[in-house]
Amino acid sequence: AFSGILADADIAAALKACEAADSFNYKAFFAKVGLSAKSAEDIKKAFFVIDQDKSGFIEEDELKLFLQVFSAGARALTDAETKAFLKAGDSDGDGAIGVDEFAVLVKA
C-alpha cells in the first residue's frame, strides 16, 4: 500500500517497536517508519492510503486500525491509544483528522 513511499524494512521496524498494547506513540512511529522525513506530496499520498473509506478524513475507527494499514497482521490500537492519537491530530475538534491536520501531525 505504501510502495514507492515507505520502505518495507522501516515499516517492519516501526510496527515491532509498538507491538505491546499501549506502547504506540505517533511521533516515534512516524519517525521510525520514515514518514516525518518525507515530502508534503508523499505525506498526502500516505493520508489517502490510511483514509480507508475515502471520506477525506481519518476517523476514529480508521485510527483504531491504523497499524493494520501498514501490515495486515498488526494489532489494533487500544481505545486509549486511539483517543490520544485523535486528540493530537484533530486540531479543529470535528472528531476526525483531515489531510492538513495529518501533515501537521506527521511533522510534529
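Every residue, even glycine, has its Cβ placed from backbone N, Cα and C.
Listed in Swiss-Prot for this protein:
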- Asp51, Asp53, Ser55, Phe57, Glu59, Glu62: Ca(2+) 1 binding site (BINDING)
- Asp90, Asp92, Asp94, Ala96, Glu101: Ca(2+) 2 binding site (BINDING)
- 38-73: domain 'EF-hand 1' (DOMAIN)
- 77-108: domain 'EF-hand 2' (DOMAIN)
- Ala1: N-acetylalanine (MOD_RES)
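On the structure: features taken from Swiss-Prot.
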residue	record	CB count, 10 Å
Ala1	N-acetylalanine	12
Asp53	Ca(2+) 1 binding site	10
Phe57	Ca(2+) 1 binding site	18
Glu59	Ca(2+) 1 binding site	16
Glu62	Ca(2+) 1 binding site	20
Asp90	Ca(2+) 2 binding site	20
Asp92	Ca(2+) 2 binding site	10
Asp94	Ca(2+) 2 binding site	10
Ala96	Ca(2+) 2 binding site	19
Glu101	Ca(2+) 2 binding site	19
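It is 14 Å from the Cα atom of Asp94 (Ca(2+) 2 binding site) to that of Ser55 (Ca(2+) 1 binding site).
Neighbour counts of Cβ atoms within 10 Å were compared across the binding-site residues Asp51, Ser55; the minimum falls on Ser55. The DSSP secondary structure for Asp92 (Ca(2+) 2 binding site) is coil.
Among the binding-site residues Asp90, Asp92, Ala96, Glu101, the residue whose Cα lies closest in space to that of Glu59 (Ca(2+) 1 binding site) is Ala96.
Here Ala96 (Ca(2+) 2 binding site) is positioned 10 angstrom away from Ser55 (Ca(2+) 1 binding site), judged by their C-alpha atoms.
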